[in-house]
Each structure stands twice: as C-alpha cells, then as structure tokens.
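Here's the structure we're looking at; comments come further down.
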Amino acid sequence: MVKTSLPATRFYGWYVVGLLALAHLVSFIDRFLMSLVLVPLKQDFNLTDTELGLLHGTGFAILYAVAAIPLGHLADISHRRNLIVGGLLVWSAATAACGLSGDFPTLFAARIGVGLGEAALVPAAMLLITAYIHRDHLARAVSVFTSGAVLGHGVALIGGGAVLAWLVSQNGLTLPYFGVLRPWQGLFVLAAIPGLVLAVVMFTIREPMRASRTKPRIGAALDYAGGHRMAYGTHFLAAACVIALVQSFAAWAPTFYVRFFDMTVAQSGWTVGLLVLITGVSGNLSGGFLTDRLHKMGLGAAPGVVIMGMVLLAVPCAILFCTTRVLSLSLVAYGALNFCLSAASPAGLAGVQMLTPSHLRGVISAAFLCIITFFAVGLGPLMIGVVTDRVFGDEQALYLSLLSVSIVLSIIGVGAAGLGRRSTSRAYALVTD
C-alpha cells in the first residue's frame, strides 16, 4: 500500500476530487434510474404509489443507513480507496440484479444491495478530500463532489431516457441464459457497466497519510458529538430536511410531468434531466463558493446561513411548480427550485467536516449519512407516495402531496438552522485541521 503525506501538486489533489466526483456521478446514475422507470414498473407489477416510494427510497435506504456507521469507522482505520473500490463493485452488481428482477420482492432486495454498496463511498471520499484539500477550500471541494451527484441524476434521466427509448424500439435487451429482458430491465443491466470500469480507474488514487495517528473509536466519535449535541443535532436536522426536499422532488418530478403534462417517460426524463444538469451543477458550485466565502469573512455559522437562505428562496418556487399548469412556468419554477436546493446541499456535508476533527470524520460523516439516508432518502419519496395514496386517495393529487410535504420540511429545516447558529459557530472554532 502506497501512502503519501500530501499530494505532489495542487493539481493532483483536485484530480482526486474529480475522480471521487465521477464515482458519485456513477452512484447517482444507478440510484436515480429508478425514478425514470416508475411508470413502466407500476404497469408491469401493478404497484401502488406507496410501493413505488418503497422501491425508490426505502429499499435503497435500509442497508445504506444500517451500514453507514460501520463503513465509516472502517474508513477511519483502513484503506479508504480500496473501500470505495469494493463499494463500486457491490453497487454495480446490485444494479445489474435490479435488471434481472422479475417481481417486486426481488427488485426490492436488489435495491437494498445498491444501498449497501453506495454506503461506502461518501465517508471514505470525505476523508480523502479533507486529506488532499486545504480547509479554506473545503466547501468548494465538497461542492465539486456533490456536483457529481447532480450530474449523475441528470445523466440518469437524459441518458437513461435515451437508452430506454432505444431499448423500447428494440423490444428489450436479449442476454444469453436470461433471454429477452423488458426495456427497463435492460436499462439497469447496461447501467452496471460504468461502475465496473471506474473501479479499475480508482487505483490511480494514492492513499494519503492520516493527519492523526490516534486510533479512532466509535465511542470517541459519539462522545465528541454528544459534547456538541446542539450543534450537530440542529445541523443534521436542517441538512436532512434539505436532502428530503431534494430527494422528494427528484423522485417524483418525472412522474409529475407524465401525469400533469402528458409527457412520455422519455420526454420527461430529457426535460427534467436537462434542468437538473444546468441548475443542479450551477447550484452546487454556487453554494460551495458562497459557503467558503462567508466562512472566510468570519461568519462562523456559514453552512447554516446558506441552508436557511436557499430553502427560503426555494419555497415560492415549490409553490409555483406544484400549482401551475402552464408548462413554461412549471419548468422555470422547477429549475429555480432545483438551483436553490442544490446550493443548500453541499453546505450540509461541508458543515459536518468543519464541525469534526480529522480523526473522527469517517464515523461522524457516516452517522450523518445514516440519518440523512433514513430520514431523507428513505422517507422523503415514500412520504409523497403515502400522502397521495392515504390522505388524498388519488394519483392526480400528487401535486398536493409534493406541496404539503415540502412546506412542512422547509419550516423544520429553516427553524433548525436558525436555532443552531450560535452552537455551530462555537463548535466550528474548535476545529483547526
């Protein structure tokens, strides 16, 4: 195992960030293809919106959340690059298994496998980024990493929509032994290939020396977080609300345009995907730049301030998106909404790194992911489906579900960020590495 205490050049450090962003991109392609095929899945398996929410969110989140803390601890004590390679192989194989599923239980189990593999990425990636990038540029580096996720979401919708349309024209995908797969099944099988290739490319990352030789314990990380419970609690809650908003709109936007604007699945994929690419990437990078800028200006609670401001700007955009039936207005509203929420997203992850000493970041980042995944990824899309089915009892009430859930999440998120400003400012000042 080759280790280095510092990157040879600044370029190499940003190369590592770029490669990790590419891994994040691939992970989100495999995660968000499900949002593109909700309509054919509903038809083929006769599923309810609640079951679709389980597939998109809860199925993915179950093992992701459970495995996050053990894998985060493993990232603190073991070879971080190799942990990422292992995760890539697991989630790529599970993505292929989604395509080979012939019923709801098998597909649900495969989604659990995707979540397990992807749980290894973020804790290990955060440790590599903080090892290679100076603290003054940390939020910007995190925003590049999270931009990979946004790009992956967009590529899943645009590229996935194009591939799905091609597979429909070919009447599916024929594989030896498995025979003819439905178009949506073939889409998952083909999507597994990039992750397998990237797993090989990841070996170009050198494992850096750790800033601290202290052997971290899960108990030590929990003790530290407990000593700053107000800072961590409010920051985690605010960030969870942001990600729940992102995940809810991301999961249901393609279906929204199919139901209310009579788009085909491919058309909605292209439309939403293009908006996500443009506004999501620009929003992530802008949010990272703004967080770094405010931090350099001496604003101790910079991540929380960015979260508050961007969520407040997102609320009127969400209201317009959910209520208008003018396509052009809806697209503008969704683009603005996605920009604001994307700008708030990197502040959550960057804030965790700024709150935490380097030798505890793997475990605490994993705890953050555990909470985010369970609350935001697991329950966000599911809440929309449950409210649609159980409260309104009509799939055409999807817009009301999105509107009501998003307003509640926005109030909680802004309130938590505001409540934690003083405690997070004090906690940030204690961390220098």
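Here the Cβ of each residue, glycine as well, is placed from N, Cα and C on the backbone.
Just so you know, TrEMBL annotations are computer predictions that nobody has curated.
What TrEMBL annotates here:
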| type | residues | note |
| --- | --- | --- |
| TRANSMEM | 12-33 | transmembrane segment |
| DOMAIN | 16-421 | domain 'Major facilitator superfamily (MFS) profile' |
| TRANSMEM | 53-71 | transmembrane segment |
| TRANSMEM | 83-102 | transmembrane segment |
| TRANSMEM | 108-132 | transmembrane segment |
| TRANSMEM | 144-167 | transmembrane segment |
| TRANSMEM | 187-205 | transmembrane segment |
| TRANSMEM | 236-258 | transmembrane segment |
| TRANSMEM | 270-290 | transmembrane segment |
| TRANSMEM | 297-321 | transmembrane segment |
| TRANSMEM | 327-350 | transmembrane segment |
| TRANSMEM | 362-384 | transmembrane segment |
| TRANSMEM | 396-419 | transmembrane segment |
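Contact between the transmembrane segment (12-33) and the transmembrane segment (187-205) is supported: at least 3 Cβ pairs lie under 8 Å, counting only residues 6 or more apart in sequence.
Remark: the transmembrane segment (270-290) makes no contact with the transmembrane segment (53-71), by the rule of 3 or more CB pairs under 8 A. The highest tally of CB pairs under 8 A with the transmembrane segment (83-102), across 144-167, 187-205, 297-321, 327-350, 362-384, is held by 187-205.
Here the domain 'Major facilitator superfamily (MFS) profile' (16-421) returns a mean pLDDT of 88 for the predicted model. Looking at which of 53-71, 236-258, 396-419 has the most CB pairs under 8 Å to the transmembrane segment (362-384), the answer is the stretch 53-71. Counting Cβ pairs under 8 Å that are 6 or more residues apart, the transmembrane segment (396-419) and the transmembrane segment (236-258) reach 3 or more and are in contact. Stretch with the largest number of CB pairs closer than 8 A to the transmembrane segment (108-132), among 53-71, 144-167, 236-258, 327-350: 53-71. Of the candidate ranges 53-71, 144-167, 236-258, 236-258 contributes the most Cβ pairs within a distance under 8 Å of the transmembrane segment (327-350). Residues of the same chain lying 6 or more positions beyond the ends of the transmembrane segment (236-258) and with a Cβ under 8 Å from any Cβ of it are 32, 34-36, 38-39, 53, 56-57, 153, 157, 264-265, 267-269, 271-272, 276, 304, 307-308, 310-311, 314, 318, 321, 330, 334, 337-338, 341-342, 344-345, 347-349, 351-352, 368, 371-372, 375-377, 379-381, 383-384, 398-399, 402, 405-406, 409-410, 412-414, 416-417, 420.
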